[in-house]
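Visitor: This is the structure, below, for whatever I ask next.
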Amino acid sequence: MESPLRIAIIGQSNFAAEVLELLLEKNYNIVGVFTIPNKGTREDILAATAKQHSIPVFKFASWRRKGEVLPEVLKQYKSVQANLNVLPYCSQFIPMEVIDAANLGSICYHPSILPRHRGASAISWTLIEGDEVAGFSIFWADDGLDTGPLLLQKQCIVEPTDTLDILYKRFLYPEGIKSMAQAVNMVAEGKAPKIPQAEVGASYDAAMFKEQNHYIDFKKTAEDIWNFVRGLDSVPGALAVVLHEDGSEEKIRFFGAHLYADGPVIGPKSLTLKGLKNPAYIHDRGLLLEGTDGKFVNIRRIKRGSKMINACDWFTKCKQNQISNFSKDELDKRDLLLNIWHSILKCPIEAETDFFAAGAGSMDVVRLVEECKDALDMSLDSGQVFMAPVFEEFFCEIIRSLRQESSGVQGRIHYDGFVLQANKREISVPTQLFINGEFMDAEQRKTLDIINPSNEELLCKVACASRSDVDKAVQAAHKSFYGAWRQVSARQRGHLMLKLADLMEEYKEELATIESIDSGAIYTLALKTHIGMSIDAWRYFAGWCDKIQGNTIPVSPGRPNNVLTFTKKEPIGVVGLVTPWNYPLMMLSWKMAACIAAGNTCLIKPAQTCPLTALKFAELTVKAGFPPGVINVVPGTGTEAGQAVSDHKLVRKLGFTGSTPIGKVVMRSCADSNLKKCSLELGGKSPLVIFADCDFEKAVKYGVCSVFFNKGENCIAAGRLFVEDRIYDEFIRRVLRDVRSMTIGDPLNRSTAHGPQNHRAHFEKLIEFCRRGIKEGAKLVYGGRPVPNTKGYFFQPTIFADVEDHMFIAQEESFGPIMIISKFHGSDVESVMRRANRTEYGLASGVFTRDISKALMFADNIEAGTVFVNVYNKTDVAAPFGGFKQSGFGKDLGQEALNEYLKTKCVTIEY
């Protein structure tokens, strides 16, 4: 070559800046950069990049006037003495005096396979015309429009998932940058060809900059409509006009189109679009448009003004108050946010700019959050970025949060309820259904009476869910599972759970007070166990969120190929939970924490007698920031709401705690509906065997606790005590002494040890249970009847002795404060083991002995899911909990609980 290259870069944008960087890496001499003027205070990234490398920068608003080159512009251009012009991307018209001034010529990038799709909107037209192949050309500029000789071309297959953005980012942008550098290399080596363009197949397409060209022609086939929409996705977006019922018209833009072939298309809600023959149907995955061929296109996202929404949310978003009346200060904040986004993304920021589509990663999210917090002095977390990734949405969410903070309503949610005045507190308690992040009345405003078990008075009325209400909750959970919840990473899920646990800790006295009054639990126990263990469960399972993983499996490949086989643990989907009345919040937390940690969404039907802590908990999930639909609470009856949860075909897993007879009904419903996975924690008749060689004081203490803990409403309560004959009489004497000293009364009184039973039906069942024990000949040592002269469901702690194996009370669960004691002889250990196992239940068990061999033999032979040795009721959130036989199957708590809410997928790849 006669002289080394002196290159002038003419253009703008990230594309041109990256071409500049690559040429500098290859040690080419860039003598000048010619670009557009600043937009306000922002200069194009090409100019900023050139300045970093001390390259002269020239900014021209125009290169010519009235068809003639501007002399001062030409003079400045010639001052750099370039011998090769490189035009990576240029929106300006460059005069031929400049093109020809470089003696080696001028090379330009064009995003189509020339001569097809000449013009400024080549990528759009590649998609609009349904081309099977896309690509780009680098050509020598001449006095025509994209008509110069070709230097090189590259192409790729157009994928069905391609949009304008995707095609550009996956091929035209990265390969174009490399190819521009390749073209310069060819010029430098004297090997750059000049191949005349053919006129056969040449086309010049209209520029898509004008709004009039953005409108969809609905007199086309579904495929043509689809191609048009994706050809304008994501800038500027295909235009349509909604004809409202009041006669008004509204322009909207479509994004995320795909051809639809997924079942029935007629839905209950539709839009009328100008020029579209049939209604456009809104369904749970978008908006359906019918082409002239009777086939359909589905639109996932719609832009209304500057607001991007999911198409399926059209009617719900219409009901929401949109922010439009911004103050001057808020508009100043918008400019501030624009600058922050620009500094991170290094690209022009428009209202529709998507933070992640523009290339942002996890560190960019952290930077955005921290810069916004510093600049705006507000609370902000990464979840808000993921939930509103489009700039205008993000700006509106920021303003909404700032307005809420300034007005003191941050995290508040509106609901109908009542104020509980108790325990020196005034506690606001919701009484409506909680569905899709909102409290709402039940169908036909149907309600349940909630009775205070301490005084038998009406505490409040709570919404009673119908089958239709349950369906709403399931649909909300289903939509969230496949929508917003999927955008939340495992680690973010854990952060949300920890935040919820912190809120439960903050409100634990309120929750314990509600639980105490609603269920009859004594306040001290409610605070420590009902609420305390609930908080522990959420924190424990929060730690598991980002540790759920599969395995790689060595398999035998078919030679000569290799095979990689691995498993993935995936959430099941929508989970239905039905929980009992003995530990309302704790049972909710044991199941739901594992369910949410695994990535599912859920709805819960709490016990109809005491749903209040579940509803207060729902309020806290909003404060914690859970997306709508992830958690739904539907109080109601078991026969209607509970059955509807079991029967629903979109519920893929059901977790149930309750009685064995109802558990059988639930399991049958799970099978008959859609063969949904289920886990059942059912009744128990847990044996506690006390040998004479035990620590007697400890055995008495835990023996009393094993039966009377939580006034006997305890699934693992010792339903039958087997006491060795040598200590039998003394054990009864000591237990009787402790029971007589129990304080029975107001559950909120800190000295109370025994509160009321949960509800009347259960209370009356206990009376009948004791009558039957007496009738069959068991010795009633103490109690056996309601506390006399006391209002409320207070039942005396009861002791039956000399209970024989054939008796009803020896076989069936009381689920109340009733101790059943039988005698055994210490010489026949195997016999007492057989007696302990002679039941259809197998939830828990216990043994007290100093003989480790005896204890281990008991643990080996007892048919129960939990075995306590020299202790009882010692559960922990890290230890699995669940029963055998007719006590059910599946586990709550511990790592094993996660498996109840996960499915395993096996992937095999041959290579």
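Cβ coordinates come from backbone N, Cα and C, glycine included.
What TrEMBL shows for this protein is this:
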BINDING   Gln92, Phe93, Ile94, Asp146  (6R)-10-formyltetrahydrofolate binding site
ACT_SITE  His110  active site, proton donor
SITE      Asp146  site 'Essential for catalytic activity'
DOMAIN    328-402  domain 'Carrier'
BINDING   605-608, 638-643, 658-659, Lys765, 813-815  NADP(+) binding site
ACT_SITE  Glu681  active site
ACT_SITE  Glu681  active site, proton acceptor
ACT_SITE  Cys715  active site, proton donor
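Walk me through the surroundings of each of these features.
Guide: Residue environment of Asp146 ((6R)-10-formyltetrahydrofolate binding site) contains 21 other Cβ atoms, counted within 10 Å of its Cβ in all protein chains.
Around His110 (active site, proton donor), the same-chain residues at least 6 positions away in sequence with a Cβ under 8 Å from its Cβ are Arg118, Ala122, Phe136, Ser137, Ile138, Phe139, Asp146.
Spatially close to Ser814 (NADP(+) binding site) yet at least six residues away along the chain are Gly712, Gly719, Leu766, Phe769, Ile820, judged by Cβ distances under 8 angstroms.
Taking the Cβ of Glu681 (active site) as reference, residues of its chain lying under 8 Å away and at least six apart in sequence are, in sequence order, Phe656, Thr657, Cys715, Leu843, Phe881, Gly882, Gly883, Ser887, Gly888, Gly890, Asp892.
In the shown protein chains, 24 other C-beta atoms lie within 10 A of the C-beta of Cys715 (active site, proton donor).
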Visitor: Far apart in sequence but close in space: which same-chain residues, 6 or more away, have a Cβ under 8 Å from Gly642 (NADP(+) binding site)?
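Guide: Expected: Val578, Lys605, Gly636, Val666.
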Visitor: Taking the center of the Cβ atoms of Gln92, Phe93, Ile94, Asp146 at the recorded (6R)-10-formyltetrahydrofolate site, which other residues in this chain have a Cβ no more than 8 Å from that point?
Guide: Leu87, Cys90, Ser91
Visitor: Considering only the binding-site residues Gln92, Phe93, Ile94, which residue has the minimal Cα-Cα separation from Gly658 (NADP(+) binding site)?
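Guide: Closest candidate to Gly658 (NADP(+) binding site), judged by Cα separation, is Gln92.
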Visitor: Determine the Cβ neighbour count for Gln92 ((6R)-10-formyltetrahydrofolate binding site): the number of other Cβ atoms within 10 Å of its Cβ.
Guide: 17
Visitor: Which whole number of Å gives the largest C-alpha distance between any two of Gln92, Phe93, Ile94, Asp146, the residues noted as binding (6R)-10-formyltetrahydrofolate?
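Guide: Across Gln92, Phe93, Ile94, Asp146, the widest Cα separation comes out at 14 Å.
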Visitor: Suppose we draw a 10 Å sphere around the Cβ of Lys605 (NADP(+) binding site). How many other Cβ atoms does it contain, all chains included?
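Guide: Step by step: centre on the Cβ of Lys605 (NADP(+) binding site), count other Cβ atoms within 10 Å, giving 29.
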Visitor: State the Cα to Cα distance, in Å, between Ala607 (NADP(+) binding site) and Gln92 ((6R)-10-formyltetrahydrofolate binding site), rounded to an integer.
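Guide: That comes out at 70 Å between the alpha carbons.
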Visitor: Under 8 Å between C-beta atoms and at least six apart in sequence, can you list the same-chain neighbours of Ile94 ((6R)-10-formyltetrahydrofolate binding site), or say none if there are none?
Guide: Ile10, Trp63, Asn85, Leu87, Ser106, Ala141
Visitor: Here's one to test understanding: among the binding-site residues Gly638, Glu640, Lys765, whose C-alpha is closest in space to the C-alpha of Phe93 ((6R)-10-formyltetrahydrofolate binding site)?
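Guide: For Phe93 ((6R)-10-formyltetrahydrofolate binding site), the spatially nearest of the binding-site residues is Glu640.
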Visitor: Around Glu640 (NADP(+) binding site), how many other C-beta atoms are within 10 angstroms of its C-beta?
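Guide: 17, counting other Cβ atoms within 10 Å of Glu640 (NADP(+) binding site).
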